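Engineer: Below is a structure I'd like to ask you about.
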Amino acid sequence: MVSVQKVPAIALCSGVSLALLHFLCLAACLNESPGQNSKDEKLCPENFTRILDSLLDGYDNRLRPGFGGPVTEVKTDIYVTSFGPVSDVEMEYTMDVFFRQTWIDKRLKYDGPIEILRLNNMMVTKVWTPDTFFRNGKKSVSHNMTAPNKLFRIMRNGTILYTMRLTISAECPMRLVDFPMDGHACPLKFGSYAYPKSEMIYTWTKGPEKSVEVPKESSSLVQYDLIGQTVSSETIKSITGEYIVMTVYFHLRRKMGYFMIQTYIPCIMTVILSQVSFWINKESVPARTVFGITTVLTMTTLSISARHSLPKVSYATAMDWFIAVCFAFVFSALIEFAAVNYFTNIQMQKAKKKISKPPPEVPAAPVLKEKHTETSLQNTHANLNMRKRTNALVHSESDVKSRTEVGNHSSKTSAVQESSEATPKAHLASSPNPFSRANAAETMSAAARGLSSAASPSPHGTLRPASLGSASTRPAFGSRLGRIKTTVNTTGAAGNVSATPPPPAPPPSGSGTSKIDKYARILFPVTFGAFNMVYWVVYLSKDTMEKSESLM
């Protein structure tokens, strides 16, 4: 009996010991640290190979995740590393981005010691990836230096992160009506090329506000300021189905500095220069013509150069309107001078015609003419009587002559002749009356002949010199000659006063300032200043930023 009872007790003790041993082993396994596991995994890379091989075993990368079942959701976000430049002529912009896509592929689930499998670009070609393309992209380049810039990660639950670095040149439709005070919303549109929204849709990873990041240092724009960006999504219908399109709008506002220096200030200075001609004398035709032609050619050059930085649009921009108005002011200044010159010439021609017309006849004119004729006849009779008296005086003096030496008489005779000839000639040259000049000349010549006859030889061959040097005859003869000169001068002066018409009035010189110039000096600057005020107030206060909805 005793031996039978001892055997079950020993068996019970051995069972308890075994159970306690198993419990201690299990506790030791549970207390093992993860670091030791990871260390073991590093030491055993064949574990990763085994996991990847198991994932790709029977995997078909031609089929999307959940094929024939639920819709595949692709989450996206964009990080901009460089934005710019923007081309107005080509209407496009360029930027470098990190384009990230995330989706879930349950076929790539795995159970292993590592949370994330960080793989290179070689794995990309072995699994399914979204067929994303940029709808408004003109040229997109994936960087491959020094290796393809792609990132691929697989998580335990089958979530996949696919990132690549791209340089995208996208189209940016621009409405340049308000150029250069304009703003634009340049879109970036992307979506699936083959899968409609019934099979694949796109969403933003971090929501609409934070899914697109553009750091300030990434902007490399010269003519624009990057104000911000907005995101949206839309559905586009086509013959192959409806597709989800994701859109990012980059809002740009143009800088005015370049165009102020290059176009606006030169145009304003050219208009002011054209108005300087209003202050130049209207007789200075070459100077004013040079001002007008030079300013017109300058405005033409400015208008051509301003269009070089723009596409060949069919509508007028804000700068085109400003240049057109400035050109109109410059051209009007040239036309204003042409009008001034034309009306000045007309006034001078009218004044010359008035001067060339004979003065109206006065009723007393015939009476004056008759009086002038009578006066001329009286002067003629007086000159004849005076000539007779002179001849009588010469003959009486020749009878009272004394005998002198022949040499002295000859010299005195020549002196008298020279004086008698010079006196009437000088008087004739200064006398304006033809009647008085003729009568005086005859009288003086007769007196000279009388003196010469006094010295002529006698019939007996002897000379009869006149004694001009006697004291009795010299004063009488001199006084008579003086009276003759006085009478001739008086007669000639009277005839001159009655016969000579008054001198004509000088023609108008046309000097002075034209009334057109006076008005233009005030009208042109005031009008141009008012235009500038309205122009700048309207465009600077106007919201010229394009709305995102207008581009959709």
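The backbone N, Cα and C atoms fix where each Cβ goes, and this holds for glycine too.
According to Swiss-Prot, the compositional bias 'Basic and acidic residues' annotation covers 396-406. The feature compositional bias 'Pro residues' is assigned by Swiss-Prot to 500-509. Per Swiss-Prot, N-linked glycosylation site is recorded for Asn47, Asn144, Asn157, and the stated evidence type is sequence analysis. According to Swiss-Prot, the feature region 'Disordered' maps to 353-480, 492-513. Look at Swiss-Prot and you will find 1-35 tagged as signal peptide, backed by sequence analysis. The topological domain 'Extracellular' feature in Swiss-Prot is assigned to 36-259, 306-318, 539-552; the stated evidence is a curator's inference. Swiss-Prot lists 281-284, 342-515 with the feature topological domain 'Cytoplasmic', giving a curator's inference as the kind of evidence. What Swiss-Prot lists as transmembrane segment is 260-280, 285-305, 319-341, 516-538, and the listing cites similarity to another entry.
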Engineer: From the DSSP assignment alone, can you count helix, strand and coil residues within the topological domain 'Extracellular' (306-318)?
Structural biologist: 2 helix, 0 strand, 11 coil
Engineer: Pop the mean pLDDT for the topological domain 'Extracellular' (539-552) in here, whole number is fine.
Structural biologist: 75
Engineer: With a Cβ cut-off under 8 Å, give me the same-chain residues at least six positions beyond the ends of the transmembrane segment (260-280) that come close to it.
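Structural biologist: Apart from its flanks, the transmembrane segment (260-280) reaches 287-288, 291-292, 295, 298-299, 302, 305-306, 319, 322-323, 326, 329-330, 333-334, 336-337, 517, 520-521, 524-525, 528, 532.
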Engineer: Count the other Cβ atoms sitting within 10 Å of the Cβ of Asn47 (N-linked glycosylation site), across every protein chain shown.
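Structural biologist: A count of 15.
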Engineer: Could you break down the residues of the topological domain 'Cytoplasmic' (281-284) into DSSP helix, strand and coil, giving a count for each?
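Structural biologist: Tallying H, G and I as helix, E and B as strand, the rest coil: 0 helix, 0 strand, 4 coil.
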Engineer: Around Asn157 (N-linked glycosylation site), how many other C-beta atoms are within 10 angstroms of its C-beta?
Structural biologist: 11
Engineer: Excluding the flanking five residues on each side, which residues at least 6 beyond the ends of the topological domain 'Extracellular' (306-318) place their CB within less than 8 Å of a CB in that stretch?
Structural biologist: 88-91, 174, 176-182, 262-263, 324, 539
Engineer: Only counting partners 6 or more residues apart, tell me which same-chain residues put their Cβ under 8 Å from the Cβ of Asn144 (N-linked glycosylation site).
Structural biologist: none
Engineer: Quick one: Cα separation, Asn157 (N-linked glycosylation site) versus Asn47 (N-linked glycosylation site), in Å?
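Structural biologist: Approximately 18 Å lies between the Cα of Asn157 (N-linked glycosylation site) and that of Asn47 (N-linked glycosylation site).
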